[in-house]
Amino acid sequence: MKIIASNFKTNHTRRSTQEFCTTLESFLNTQKNPNKITIFPPTTALLDNTFKHFSIGAQNAYFTQCGSFTGEIGLEQLHEFQIQSLLIGHSERREILGESQEFCAQKFAYFARQDFEIFYCIGESLETKNKGLDSTLVFLESQLKGIALDYPKLIIAYEPIWAIGSGISATLEEITQIHTRLKQKLGKIPLLYGGSVKPQNVSEILSLDGVDGVLVGSASWEIQSFCKILENSF
Ligand code: PGA
């Protein structure tokens with residue numbers, strides 16, 4: 001079994017998410033799908049997490065039941081949709097929204113206490129990558145600070161920033177090198193790769209040792225493309 005996750009980011013409306021999910025459910029009804037699939041729509045398009053073949057997760061939430069956190073949603077809003085999965089630490093939230101490691105760790109601790117499945121992202125910039133493997137690994141470890149690696153519902157996604165949205169994924173050698181080293185630290189925690197995964201490369205990426213799944217952005221936003229990704233990962 002592999003884990004295939006789709007991150008819609010700031011794409012799709014509620015209506016188009018509904019259409020996407022209905023089509024996906026029909027597609028998966030006709031397939032023998034051995035994989036675990038999670039869709040992360042934008043917050044305004046969260047749907048009841050009641051599909052048979054995949055789960056709906058949230059791209060973001062604040063570490064609170066409810067309260068005064070303008071612009072955020074908390075546990076109460078997620079529970080309304082029976083959402084039990086959350087993305088934390090995506091590079092766009094770290095870099096653009098300024099989420100610090102401490103903030104990610106606080107979010108993690110809260111939602112781990114709530115028994116959420118947590119897709120926790122790490123990934124280095126091109127500048128860090130260019131400093132070499134050792135610096136990259138030190139950086140990636142710093143992004144795990146404060147994260148309880150023995151949490152049973154933790155999934156880690158390695159997403160090098162330089163490969164995200166660029167259309168050019170890390171090479172198979174690069175993925176293998178980092179995943180092998182990360183696995184030494186992470187043990188049995190499922191480790192996904194993300195960064196320009198698409199129908200054409202998903203199968204070879206998933207066949208690598210140490211890759212337990214993929215987190216897909218742009219190539220998952222069109223339902224046909226996402227179904228191709230799934231077909232190529234069966
Ligand atoms: P991408 O995005 O597939 O468009 O590179 C991946 C991600 O940011 O999760």
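Residue numbering: from 1, along the chain as shown.
Positions of Cβ are set from backbone N, Cα and C atoms, glycine also.
Annotated in TrEMBL:
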- H90: active site, electrophile (ACT_SITE)
- E159: active site, proton acceptor (ACT_SITE)
- N7, F8, K9, G165, S196: substrate binding site (BINDING)
Within 10 angstroms of the C-beta of N7 (substrate binding site), the count of other C-beta atoms across all shown chains comes to 27
Within 10 Å of H90 (active site, electrophile) (Cα basis), scanning recorded positions F8, E159, G165, S196, I find E159
Cβ contacts within 10 Å for F8 (substrate binding site), all chains included, total 19
Nearest-integer angstrom distance between the alpha carbons (Cα) of N7 (substrate binding site) and E159 (active site, proton acceptor): 12
Students should find that the Cα atoms of K9 (substrate binding site) and the residue listed as 'active site, proton acceptor' sit apart, in Å rounded to an integer, by 14
Go through the binding-site residues N7, F8, G165, S196 and pull out the ones with a Cβ less than 6 angstroms from some atom of ligand 1. N7, G165, S196
Out of E159, G165, the listed recorded positions, fewest other Cβ atoms within 10 Å surround the Cβ of G165
Which entry in the list of recorded positions, K9, H90, S196, has its Cβ near the fewest other Cβ atoms, using 10 Å as the limit? K9
For the C-alpha pair, I'd like the distance in angstrom between S196 (substrate binding site) and E159 (active site, proton acceptor), rounded off. 9
Distance between the residue listed as 'active site, proton acceptor' and F8 (substrate binding site) at the Cα atoms, whole Å? 15
